[in-house]
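A.B. asks: Under the heading transmembrane segment, TrEMBL lists B:52-74, B:138-155, B:175-197, B:230-256, B:276-304, B:316-339, B:372-393, B:442-464. The feature domain 'ABC transmembrane type-1' is assigned by TrEMBL to B:231-460.
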Amino acid sequence: MTDAAPAPFRNEKALKRLKKRRAADMRFKFYGMSAIAFALAALSLLIISILSQAMSAATYHIVRYDVVLDPAVIAPPGKDKPADVARNIDGFYDLLRDNLLQTFPDVQGNRLETRQLGDLLTRLAVLPVAKSVAANPTQIGQEMTIKVPLNDDLDLYLKGAVSPEARLKLGAVEQGIETTPGRVTLSGANAFKGLQSLIAAQRAEVGDAVDARSILVTAGKSTGRVVSMSADALEMDLLTGSASDFNAARPLARVIALPESQRNVSDDQIAWTLALKDMGRISRVPHFSLLTHTDSTYPELAGALAAIVGSLLTMLVTAFIAIPVGIFASVYLEEFAPRNRLTEIIEVNINNLAAVPSIVFGLLGAAVFLGFFGLPRSAPLVGGLVLALLTLPTIIIASRAALKSVPPSIRAAALGVGASKMQSVFHHVLPVAGPGIFTGAILGMARALGETAPLLLIGMVAFVADVPTGPTDESTALPVLVYSWATHAERAWEPMTAAVIVILLMFLITMNGIVVFLRRRFERRW
Amino acid sequence: MIQQLGHLPMGWLLLALLAMLASGGFFVGRVQAERFSGATGSVRVHSRPNYHGYYVAMWTFVPALVVALAYAMLGEGIVRSLLAGELPANFQSMPSVELDVYLDSIARAAFDHGYGGADRVFSAIANRFLELQGMVKASAIGLALISAACGFFLARRKVAPSFRARNRVEGGIELFLFLCAGIAIATTVGIVASLLYESLRFFSEIPFWDFLFGTRWNAQTSAEFGALPLFYGTFMIALIAMLIAAPVGLFAAIYLSEYAGPTVRAWVKPVLEVLAGIPTVVYGFFALLVVAPAIRAVAVWINMTLMSAGITAEPLLAAQPTSALAAGLVMGIMVIPFVSSLSDDVINAVPQTLRDAAYAMGATKSETVKHVVLPAALPGIIASLLLAVSRAIGETMIVVMAAGQRARISPDPTADLTTITVQIVALLTGETEFDSPKTLSAFALGLVLFVITLFFNLIALRVVQKYREKYD
């Protein structure tokens, strides 16, 4: 058998073709793998970019003020009733700003700098303090420690999000001498050589643009902005503090890439913030106010509480309508409906409704619930109704699948022992299909929780400062809050938005987790 | 006295009344039925006592419920029209919008327990409003009670040993179940009716063809309503999305169903579905934060390179901060699972015998897929693509956040385009009055959107159904 005729498939041409075909096969497989890789990469990029933003909003900086609650400022005669104190935002603001002015006495007299120093503190941030003092008037006149969030731009600066910044520890400075008022000369052998080469390196990179960059030199509570330097001496404008702080110190130099004119924070404000930090008055704490505050026009004061409550109220309305109606409708279609034209129309209808764009449901809500029935705008009641209609098809389809998976033997057994059709369905089929139906209901609710567009159309995008207490109050919802914060211009809103997204995703993950658990626990094969 | 009635909390009152009526009816019916079923053996009883109870409860509850629902829907309107009819003549000549606003303030003042101001006409009207309100409320409750009593007595008379209470109750429940299923139809009818009604009002002011084929859109100022640029933007962005989603989704489905082992499949499939579970507003944020700036940077870089190479004198690309490409790209990612999941299902539904036959002929795996599996699964795949297109056309949040507001026709993907959905949101957020063509145009756009997506969906559903029948 050794000298069999060569098979026609084994000649050189065929082998070559085979090689080509196998290569094509490998390519095809590779396309498939890269498609999946692309999808997974997109998903990870999405999650990473949101998480990294949200991380930065997980903590924020607060400033500690040790002040005496001077009655003359916060509760002047005639305005000393608790209700007045609670409303006296200006008084509390002045109290804290004066404390800052005392901390940085060299500011006094300079109006621009006074205003900039006052900006370290947002006016409205004192409102909770005013309310707590008003609730406890014996504190007036006493010494008290007050903690208030730092201005959002400086908070971003401390988190390193304002501008790229090169930091360098300088060599030992022998002494700093104030040559003219506000001008300080530092001297030290070869102390500034490293900084010089850093600047030279940056100059090579960006050219003369480097001259617009601020170089801040900090030792202890004192910070200056470099004017000129050589290897052994450095001349700078003192922004805050005193020249003596630089004696025998190793100052830290910061080269801020973004010129002062292009940032929201000035060099002075950075210097004061660094000084406050050096005094231990600024601390970075978990950002719980994101969960306990309502919306605000100031990022450092804003929170998602009203939106979370609004979303919960909306979901309650949705659940109360969509789940029972969905279950009953699916029971009818699966168990009772006669096979006729009307049933067929209902079925096609439901399948089609499941694919209607969500914004069309918003139009329906605007025209029918707001326009025709005259229900209140921006209310969770209307939002819940619209979302209920939106999720109904999803829930019906899922429940029908669950009912379909119940074997006919169960129905037959119930009917066999004399149960009526209704009894067999409600006493036997429904309980068995329960977990499946419940899973579908949760999935439908999860979809409803993430819906934004229909809520925009029924006005749930309004700025809501109070936590809604009932389904007819003005309210907003979590995804809508994401939308409205994402469209704010200020940079500080970006991490805040990402944090709200994380809260929203947590809710969704929990709901889907329940679904997975139920499926594992109750999955039955017949 | 009647004014005091005006403050009745009707919602709670009616709920309590309904609950009382239902439980009362149930007990009466049950007790009555127990009387004859307790007497042993003398009579043959058709239904158990509980069903008699349910029967009486049903007939007591439903008439009262109908009255309550009617009150909830019409009560306020009746009071208002009664009051409006009684107002002095100078009010009658007011435009209806102003009159509504005035009545709103009356209602608010009336419910806040008293209007302290000096306007005597206003306070008199507010008092009269409360009186009318009280009358309507009292009569609603009275009517509910009377109708419930009628139902109750009629039903009670029927309770007898031979009465088929269970069948009647089950019939009632079945009717209720049917009504629940009918809500789906009511929703569709509601959508079509409201869109058509408002659109017809719009087209009575703006000619239909001007809307459909006009090339200038400037609705915010109620000036120009040519929707062609919006259709173009919608089409462009959906096209970009499908250019991403179709190949990626299709190849992912092929790989998962034909090449991947069970472990890979078990992990990758749910992860892909996560893409479908993420709220679209999150995609919008992602597009705005990451993708749009990146695309802009790339576009600027291309412009610079082309200009420095001397190929073009002007910047070639628009390089806007929000762009059709950014929105389309992210939308493509969002739509991937819609393509992959359904395609995966239909590819799996292709019988193994077809594949085995191809392998037996010496075909490689990719040849089998290309020449046997895909043609067999083609209708299903087309359906999945159509559903994905419909999803992309109707998607709102991504385009609202990342596509822009400018209505124009431009082939440049880095320019900002606007879509149907973006304009609907822009026109209907904020205060809306239902009379201006500006607001009405949103409904006309909604109608177009509904018709287009309905068209795609119906074809897709039809194809899916036909195809399923083939291999079952």
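Each residue, glycine too, has its Cβ placed from N, Cα and C.
TrEMBL labels come from automatic prediction, so no person has curated them.
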A.B. asks: May I ask for the residues of the chain that lie six or more residues beyond the transmembrane segment (B:276-304) and have a Cβ under 8 Å from a Cβ within it?
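C.D. replies: Sequence-distant neighbours of the transmembrane segment (B:276-304): 315-323, 325-327, 329-331, 333-334, 337-338, 341, 395-398, 400-402, 414.
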A.B. asks: Test the contact criterion for the transmembrane segment (B:230-256) and the transmembrane segment (B:316-339): 3 or more CB pairs under 8 Å, pairs 6 or more apart in sequence, then answer yes or no.
C.D. replies: yes
A.B. asks: Please give the sequence-distant neighbours of the transmembrane segment (B:372-393): residues at least 6 beyond its ends with Cβ less than 8 Å from one of its Cβ atoms.
C.D. replies: 234, 237-238, 241-242, 245-246, 249-250, 254, 258, 331, 335, 338-339, 341-343, 345-347, 349-350, 354-355, 357-358, 363, 420, 449, 452-453, 456-457, 459-461, 463-464, 466-467
A.B. asks: By a Cβ-Cβ criterion of under 8 Å, what residues six or more beyond either terminus of the transmembrane segment (B:175-197) are in contact with it?
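C.D. replies: That would be 443, 446-447, 450.
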A.B. asks: In the same chain, which residue numbers or ranges, 6 or more beyond the ends of the transmembrane segment (B:442-464), come under 8 angstroms Cβ to Cβ?
C.D. replies: 191-192, 194-196, 198-199, 202-203, 211, 227, 230-231, 342, 379-380, 382-384, 386-387, 389-390, 393-394, 420-421, 423-424, 427-428
